[in-house]
Amino acid sequence: MPESTSVSSRRSLLFGAAAAVTAGGLLTACTSNEPSDKSDGGSKPADQPVADSKPGKQVTIGFAGPQADHGWLNAITDNAKDRAKKYSDVTLEATEGSNDTAAQIGQVETLINKKVDVLVVLPADGKALTQVGLKAMRAGIPVVNLDRIFDTPQAYRCWIGGDNYGMGLSAGNYIGEKLKDKKNAKVVELAGLDNLELTKQRSQGFDDALKNYPNIKKVARQAADFTVESGQAKMSQLLQAQKNFDALWNHDDDQGVGALRAIEQAGRDDFLMVGGAGALSAFEAIKSGRGVLKATVLYPPTMAASAIDLARALGQGKGIGGMAEFEIPAHVTLYSAVVDETNVDKYMSTGFK
Amino acid sequence: MTQPATPTRPAEPNRAAVTKSRPKTLGALHMDIRTLSLLGVLAALIVIGGITQPDSFLDGDNVQLILTQASVIGVVTVGMTFVIISGGIDLSVGAIVALASVWASTVATQEYGFVGILFTAILVGVGCGLVNGVLIAYGNIVPFIATLAMLASGRGLALQITDGKTQMITVDSVLKLGERDSYILGIPPLVLVFAAVTVIGWLVLNRTTFGRRSVAVGGNPEAARLAGIDVRRQRLYLYLLSGLCCGIAAFLLLVLAGSGQNTNGNLYELDAIAAAIIGGTLLTGGRGSIVGSVLGVLIFITIQNIFALNNLETATQQIAKGAIIVAAVLLQRRTANTTS
């Protein structure tokens, strides 16, 4: 039996003034990651339909994200909205983005009260939003946790997000392959905001990848703030400190705009640069082939569109095509693909401004 | 209306009254010792930089780099110094730089080229300064609150204008100004602007009626009022001046970074206030030095430069920066006390 039906019937139980506490406990069990047939009984494998683009049951998806104060987050919101528009059976209730934890909790609670069928939440702070995720799950609303992860798997039905460690790994391996024949090769890292855990993960992945290439040494690492201004300032100092090196990995394409400006101002072109995230400006620079930027590793904002797909499938009680599972998986970790001149055209449409 | 409509001469307080009856010669010496101690700190940093990274720190490129990076925040600090001298504070400088830079980097503005971008940046800066000034001088809102409000709404407006996107500058004449070809005798144009703002700021503070009035308003507003200074109008002008400096700085930042982003000018308010205080400007008003502020900025930027050249980790950088700020202020206070 499709999960959504069971969810809505249980919710009607809840709103039918049955013992709310008992119902809440029951709901937690059913919307958690346990196989649904345990509670649903007679569902047959062959009955499990797979999500496709054909119109199905109407699904209202609540979407709450952080304030779109820079390129990538902006693209996240756009991706979610555009994807929802594609489906005639999806209604999207999107809240105004907020970086204030209390405000975002309030917004998610509002969506719960509006009785949306499924929630997609990209929390400004995953840990801080955990409780409201739990609350939604207990209310029988499956939560798709987008990117910044809640503290407990009980707070979401499905998590989809990027792979920060994988970004570092992909960048390191790409640079490693380019420099593998070069003796005593030197690389430099322009990291993102060091206060964020994701920055450490990106650096760790990069360092681990470089271990496969003993001829390469990381000679400098400086952290910027994910902004153009900080990228320009830190990069110009790195260029002054390192008079010659072979490759640069920059964690973020937004600060990369500033970094590229610093490289241009210093008149340097003696190394290859790999970016991170997948901004349109980076894709265009890679395509032109003129500057030092040769590749960027993805942390794709298209994950928001995929989150809408997953939410719709959850709402309609369908699985994913091409997989043997009856249910949507609990975790989907995106791959940090490397985009360079060979495949940039394919990714151009996903580039964000 | 408590003030005379047309102040008659002699409208100016005499300088002795303004400097709280400190003997003039000793006062001048006092300031010089402060400046000297700051120069000492800067010299010590240069020695440290030279010893740790002799190749990269002491070359001409690095001097250009330090001065260029000091330009944007330096111009902001000159305006901030005036505001603090008058007993006020401007927490909105970073937000004004952000707003002016994103407004000036919109596509619409870029159609008018260099002049359009420059004037938009300056007009937005002055406009924000005007709002601050009117709220503080005529709305009787304390500077901390008025400029905090400007910080919040300025950042919000900058975000709304950009929609979170990075606005690239496409006007070549603007971009060129930040590149090596346009250096004049090896000096980047940004640094020349910074130098000009510093010199003008020094002249205005030390050689004009406006400067004396600013000090008087900060030292003792009531005495200044009795001496015939239109304190309100003076305050209005001071926040306008700070806004103007932010507008100029926003343009310099556009030249430097090649794009407008709503995150531009992040935490400039703290850096500018810290540089002014390190430079010997009293947070309570009534005393301050443009040269000191500029040295404060140079000390900051030189520290950052040495850190980056030595590849220090972020956490170490932050701790060391805090320690050096305290050391600079203590040293300055010590030298100042022992001589006066």
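Each position is counted from 1, following the chain as shown.
Here the Cβ of each residue, glycine as well, is placed from N, Cα and C on the backbone.
TrEMBL lists B:1-20 with the feature region 'Disordered'.
Residues annotated as transmembrane segment in TrEMBL: B:33-51 (among others).
According to TrEMBL, the feature transmembrane segment maps to B:63-84 (among others).
What TrEMBL lists as transmembrane segment is B:91-108 (among others). Sequence-distant contacts of the transmembrane segment (B:91-108) (same chain, six or more residues past either end, CB-CB distance under 8 Å): 72, 76, 79-80, 116-118, 120-122, 124-125, 128-129, 132, 144, 147-148, 150-155, 157-158, 161-162, 167-169, 242-243, 245-247, 249-251, 253-254, 259-269, 272.
TrEMBL lists B:114-135 (among others) with the feature transmembrane segment.
Residues annotated as transmembrane segment in TrEMBL: B:142-162 (among others).
Positions annotated as transmembrane segment by TrEMBL: B:182-205 (among others).
According to TrEMBL, the feature transmembrane segment maps to B:236-260 (among others).
Taking Cβ pairs closer than 8 Å, the transmembrane segment (B:272-301) reaches residues 18-20, 31, 34-35, 38-39, 41-42, 45, 66, 69-70, 73-74, 76-78, 80-82, 84-89, 93, 198, 201-202, 205-206, 215, 217-220, 321, 324-325, 328-329, 332, 336 in its own chain, all 6 or more past its ends. Residues or ranges marked as transmembrane segment in TrEMBL: B:272-301 (among others).
Just going by CB pairs under 8 A, the stretch in B:33-51, B:182-205, B:236-260 that sits most against the transmembrane segment (B:114-135) is B:236-260. Packing against the transmembrane segment (B:236-260) from elsewhere in the chain are residues 68, 71-73, 75-76, 78-80, 82-83, 86, 88, 90, 93, 96-106, 117-118, 121-130, 132-134, 136-138, 143, 162, 166-169, 174-175, 177-178, 189-190, 193-194, 197, 210, 214, 217, 268: each is 6 or more residues past its ends and has a CB under 8 Å from a CB in it. Tertiary proximity for the transmembrane segment (B:142-162) is limited to same-chain residues at least six positions away from its ends with a CB under 8 Å from its CB atoms, namely 83, 88-92, 94-96, 98-99, 102-103, 106, 128, 131-132, 135-136, 239, 260-262, 264, 269.
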